[in-house]
């Protein structure tokens, strides 16, 4: 009874502070922009890693004498390493802080890229790919969480989605430069953003919400002052963060059993479901092996990869612009619809090719559909699962839930990356029909389960999701 009254009073206090916060408003400062830029530098390396196998395939197989099985294994070692990194991402982010975790990821990524760049045999290639993969597993969790925790709520979606923009910049570099830059040089370029991030982290503040969790109120206020401006009134925002942190800590001690509570099941299902949709709809396979798909369709690999390199960044800008205007749900539904439709069209193109029909049109049609598939992916399913993951989990379960969700993403990505070449050999059209069916199922999942979080503070989102199951339970 006492706990219920205490929780109720904390909720009422949070609602009062919310009104004060809305009245005071939040500015976008140079510190927020710099901190976001430094954080998402690691995402550029992420994008290079995703597209690396597409740009490096021909040169690496020729120089190192790799078989298809060995190259597929090399490609999957990144996602395997990221799966391993995901196991520790949440715990590390809470023990070392958001900045400390990014430093660890930088060391692992730089080591991995250097091993690949100077590899003399397949063993060092795989060690390097695995090491950088672990770093990517940490980056994929901590970067969107950090950005979501430092930005004002009215631009949080845009700033967090910039993570996806930098990933696409990395992809563009691989697709565009892979035609004339050696695969070893591309590996060195993949390490460069990690050096920039490692240095930049010395000049940006730690996440105020992590500082509240760590119990350092003075550092929390200093962090908010740097992020909101020295002349800003940060008292209401600081109090809101402290109140929500206190409420969650009194409710739970952040163990795995917390995830089994009724009030957290919805958020966990949403987080894991979106990650599985992201991977099993074929995104990683298409991005990693775009050149293989073009080659199979009879389209020029050089022209296809160059055009993708030019196109891949502007398309990501669409999601960046729309995420805080349209909202998360409309963009996700639009994205999943496009991915489903264009996967079916790619499957149809390969079906016509197999039947020896319209052979002169199939290569161009396949290229257009692959390009539009990637565009559909970029505006929603590519980045929004990470945005939503960073928003819906309260601080008391963010460690465990975030690690599980990141693990689900990378383990499923590892399966898809490794299996794609074998599936493609089995049935070119069947592979894309399977991906299209997953896209169709994604529409149903998003429509019924994914909440809209646009325009709400992290504390408001988490309070509404926690109360929702309890309200249903009492009716």
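Cβ coordinates are placed from backbone N, Cα and C, and glycine is handled just like the others.
Any TrEMBL annotation is an automated prediction that lacks curation.
Database features, via TrEMBL:
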{"type": "DOMAIN", "residues": "35-454", "note": "domain 'Major facilitator superfamily (MFS) profile'"}
{"type": "TRANSMEM", "residues": "28-52", "note": "transmembrane segment"}
{"type": "TRANSMEM", "residues": "64-88", "note": "transmembrane segment"}
{"type": "TRANSMEM", "residues": "100-119", "note": "transmembrane segment"}
{"type": "TRANSMEM", "residues": "131-148", "note": "transmembrane segment"}
{"type": "TRANSMEM", "residues": "187-204", "note": "transmembrane segment"}
{"type": "TRANSMEM", "residues": "268-293", "note": "transmembrane segment"}
{"type": "TRANSMEM", "residues": "299-323", "note": "transmembrane segment"}
{"type": "TRANSMEM", "residues": "330-352", "note": "transmembrane segment"}
{"type": "TRANSMEM", "residues": "364-387", "note": "transmembrane segment"}
{"type": "TRANSMEM", "residues": "399-420", "note": "transmembrane segment"}
{"type": "TRANSMEM", "residues": "432-450", "note": "transmembrane segment"}
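Using a Cβ-Cβ cut-off under 8 Å and counting only residues 6 or more beyond its ends in the same chain, the transmembrane segment (299-323) has close neighbours at 54-55, 58, 157-158, 161-162, 164-165, 167-169, 171-179, 290-291, 331, 363-364, 366-367, 370-371, 374-375, 378-380, 382-384, 387, 454. Only pairs six or more apart in sequence are counted, and the transmembrane segment (131-148) with the transmembrane segment (268-293) gives fewer than three Cβ pairs under 8 Å, not enough to call it a contact. Predicted-model confidence for the domain 'Major facilitator superfamily (MFS) profile' (35-454) is 84, expressed as mean pLDDT.
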